[in-house]
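Here's the structure we're looking at; comments come further down.
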Amino acid sequence: MDDCIFCKIVKGDILSYKIYEDDKVIAFLDINPLSKGHTLVLPKQHYVNILDLPEELYLHMSKIVKKISQHLNDKYKPEGILINQNNGKRAGQEILHAHIHIKPIYSDTQILSEIDLRKSFSKEEMDKFVKELSLS
Ligand code: 5GP
Ligand code: ZN
């Protein structure tokens, strides 16, 4: 995609701090990181998000996320590692080229928790959701 920043990074037209690359996937440091080692893992080919990513590619990305997380943990010894992927603008996706965030969390890392904003549903509603969502 011509006007996609991440496609430009993949092509080498924009500088990135690359830490991993294979034929399908690239990983580089986030330009505006939450913490030291905040990494983005993305497919070299342009896909928007989880909904149009081929399953095999998503599985491969997950393997690389695991590998990099292990490496970050060994090197920097964070207190935790937050992994997230935003899908759609309303879910916080700013760059519309699919990517997974790996965010090491240290003692001084500020993270906003969604936990206080969570809802609770009645048993009837939960049963209804299960009926609607059960996959065979
Ligand atoms: P999103 O909100 O789409 O899930 O996350 C996009 C991420 O891409 C943000 O964390 C932002 O800091 C990062 N980002 C935006 N532009 C660039 C760039 O040109 N280079 C790098 N390395 N990261 C970028
Ligand atoms: Zn792209």
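Glycine is no exception: its Cβ is also placed from the backbone N, Cα and C atoms.
Remember, TrEMBL labels are computer predictions, not curated facts.
Note that the coordinates shown come from a computational prediction; the quantities given were computed from them, not determined experimentally.
Feature list (source: TrEMBL):
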type: DOMAIN; residues: 5-112; note: domain 'HIT'
type: MOTIF; residues: 97-101; note: motif 'Histidine triad motif'
type: ACT_SITE; residues: His99; note: active site, tele-AMP-histidine intermediate
Given a separation of at least six residues and a C-beta threshold under 8 Å, show me what packs close to the residue listed as 'active site, tele-AMP-histidine intermediate' in the same chain.
Phe6, Leu40, Val41, Leu42, Gln85
Mean of pLDDT values spanning the domain 'HIT' (5-112):
97
